[in-house]
Amino acid sequence: MAYNPKILQKPKEGEEITIKDNKLHVPNHPIIPFIEGDGIGSDITPAMIKVVDSAVQKAYKGEKKIAWYEVFVGEKCYQKFKDYKELSPEEQWLLPDTIEAINHYKVSIKGPLTTPIGEGFRSLNVALRQKMDLYVCLRPVRWYGSPSPVKEPQKVDMVIFRENSEDIYAGIEWQEGSAEAKKLIHFLQNELKVKKIRFPESSGIGVKPISKEGTERLVRKAIEYAIDNDKPSVTFVHKGNIMKYTEGAFMKWGYALAQKEFNAQVIDKGPWCSLKNPKNGKEIIIKDMIADAFLQQILLRPSEYSVIATMNLNGDYISDALAAMVGGIGIAPGANLNDTVGMFEATHGTAPKYAGLDKVNPGSIILSAEMMLRHMGWVEAADLIVSAMEKAIKSKKVTYDFARLMDGAKEVKCSEFASVMIENM
């Protein structure tokens, strides 16, 4: 299918990334859509582009170059397109051309987004994921030398596969007192004989869908990642001890998939199991842990965990808790993926009070771009960014959030930190 935008201009240069035989085929001048983002997006996204262009130039000496293509979602989108009568109020914030571009060009990157205030609008980040069925939220967490509240942050090296399309984040909920809430509570009490709603007259109510298909496709991706990246274990994190038919089912379906598709063998009497990595013969342990115990274990024994597969709400808590251990969400990268599309993103918010001050840490979106380059197979450029980040932090020329926690640090602006990274390539 050709990309035929109704409002945006087509890209003026570059070539399309394609998929053949389930593999990404990346030309030397790929078109990469980017969403600048709201608030501090105007600070961090140009810094990221500068770092990425420098890494690509240094790694490939001009042979490869990204053709950046700006697309629009959020406040900037609304300000640009609010007078377009052919767009609905929702489309003025979430441009249909943008969805089409992200789907068509396969790989994209975005800054943080403002969610519009008012009825009918939920998170734009969630809307993007749901519209394109980007069912994996991928959050790698490792230490780059930044200030940390824990004694041994270097022991943290995990990759979280968070299910993106289900759980209570599906947004199936109704306000207390609404006709829908009353109707559903009445149905539960009278048809299904539910007696556990403590205050039925004053309850808002929500639904938590967890499916076998949703679980299997997430767990499959997590195990494939462990195989491809030589990881020692995959841990299912859940609250199946309390929610047996949703989170408990997630765990059971996960183990069943590992056994059925990857020939995992039960250890002792289970449920843990083990499979051989077909690429190198090493053992990969498939295990599970209750979510609250896991949040303790990542502090006490982080080196025992590698790839994590979990549902939406747990994944949100876990990825931010882990990020805090290695320097905070200011440098936590992330991506949203399905079987063909990868959308990489800054994982923090818009921080409007810092917008335009050239002050904040651009690390999150820069490291998300590093993930993007690796996803594209441009490993040499990605490696340059990782080493430049480590060297920049070691040099103590850092943005204010790190400078205030480091002895002898020199505080630099957002754009200057990008320059420090480039000097360290």
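From the backbone N, Cα and C atoms, a Cβ is placed for every residue, glycine too.
Taken from Swiss-Prot, the feature NADP(+) binding site covers THR114, HIS348, GLY349, THR350, ALA351, PRO352, LYS353, TYR354, ASN361, TYR400, ARG404. What Swiss-Prot records for SER123, ASN125, ARG129, ARG139, ARG162 is D-threo-isocitrate binding site, and it gives similarity to another entry as the kind of evidence. What Swiss-Prot records for ASP316 is Mg(2+) binding site. Among the features that Swiss-Prot reports, site 'Critical for catalysis' is placed at TYR169, LYS239.
A sphere of 10 angstroms centred on the C-beta of ALA351 (NADP(+) binding site) encloses 18 other C-beta atoms. Restricting the binding-site residues THR114, ALA351, ASN361 to those with a CA within 10 Å of the CA of ASN125 (D-threo-isocitrate binding site) leaves THR114, listed by sequence position. Between the binding-site residues ARG129, ARG139, LYS353, ARG404, ARG139 has the most other Cβ atoms inside 10 Å of its own Cβ, all protein chains included.
Within its own chain, GLY349 (NADP(+) binding site) has GLY39, PRO112 as residues 6 or more apart in sequence whose C-beta sits under 8 angstroms from its own. Of the listed binding-site residues THR114, SER123, ASN125, ASN361, the Cβ environment within 10 Å is emptiest of other Cβ atoms at SER123. With respect to ASN361 (NADP(+) binding site), the closest of these recorded positions in Cα terms is ARG139, chosen from SER123, ARG129, ARG139, TYR169, LYS239. If you measure from the Cα atom of THR114 (NADP(+) binding site) to that of ARG139 (D-threo-isocitrate binding site), you get 21 Å. DSSP classifies ASP316 (Mg(2+) binding site) as helix under the three-state reduction. The recorded positions under consideration are ARG162, LYS239. Their Cβ neighbour counts within 10 Å are lowest for LYS239.
Spanning the residues THR114, HIS348, GLY349, THR350, ALA351, PRO352, LYS353, TYR354, ASN361, TYR400, ARG404 that the record associates with binding NADP(+), the maximal Cα-Cα distance equals 28 Å. With respect to Cβ neighbours within 10 Å, the recorded positions TYR169, ASP316 differ, and ASP316 shows the lowest count.
Taking every pair among SER123, ASN125, ARG129, ARG139, ARG162, the residues listed as contacting D-threo-isocitrate, the largest Cα to Cα separation comes to 19 Å.
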